[in-house]
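According to TrEMBL, the protein has these features:
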DOMAIN    8-186  domain 'Guanylate kinase-like'
BINDING   Ala15, Pro16, Ser17, Gly18, Thr19, Gly20, Lys21, Ser22  ATP binding site
Amino acid sequence: MEQGAPKGKLIVFSAPSGTGKSTIAKAVLGQIGELSFSVSATTRSKRPGEEEGVHYFFLDKKEFEERIEKGDFIEYEYFFGNYYGTLLDKTREAIDSGRHLLLDLDVKGALNLKKLFPLDSLLLFIRPPSMAVLQERLLQRDGNSPGLQERLERAALELGYAEQFDDVVVNDDLEQTVTAVTGKIRKYLTTL
């Protein structure tokens, strides 16, 4: 990084499933042009139309596991037979080049990122108005699927971490939430 060049900043969204996080992220990215979405690494196969470094960084399982052992990930998860994770070096490159990233991380990944980048990150926790509202949203989205109870239990656990975030936003009304979150991010990006 050049002497005196502005550093990039990291904006992290965490929220229980069904809170509207992905919809909010898409809206915020559309309103804040200098913000881009973080590209994760994965071991899953590349799909038609996907590009290396644009949609994902594609690694084979052996390389991913070696990089886990070396501590190359801010966070990673294994689900549906594949690894997914956020690479530390790519995140540092973004900050050093002055790029601002939006990351969608689970609560533990978000808190780990904050430990690594305490001065360069804003952690926003998006919560539902209540567990009853969350349950209704999940039912509308997924029906009464076998994983519903598991999602609700995980949501209760995640809500317990909310006070460790820099700010908590209740998604009661999507448009108001997008406006509030966009304002918080713009304010953060203009501070040193």
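Residue 1 is the first one shown; counting continues down the chain.
Glycine is treated like the rest: Cβ placed from N, Cα and C.
All TrEMBL annotations are machine predictions without curation.
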Among Ser17, Gly20, which are binding-site residues, the residue with the most C-beta atoms within 10 angstroms of its C-beta: Ser17
Cβ-centroid neighbourhood (8 Å) of the ATP site, Ala15, Pro16, Ser17, Gly18, Thr19, Gly20, Lys21, Ser22 excluded: Ile126, Pro128, Asn171
Other C-beta atoms that fall within 10 angstroms of the C-beta of Lys21 (ATP binding site): 18
Cβ atoms near Ser22 (ATP binding site) (within 10 Å, other residues, all chains): 12
Three-class DSSP secondary structure - Lys21 (ATP binding site): helix
Average model confidence [pLDDT] within the domain 'Guanylate kinase-like' (8-186): 94
Around the Cβ of Pro16 (ATP binding site), the count of other Cβ atoms that are within 10 Å: 25
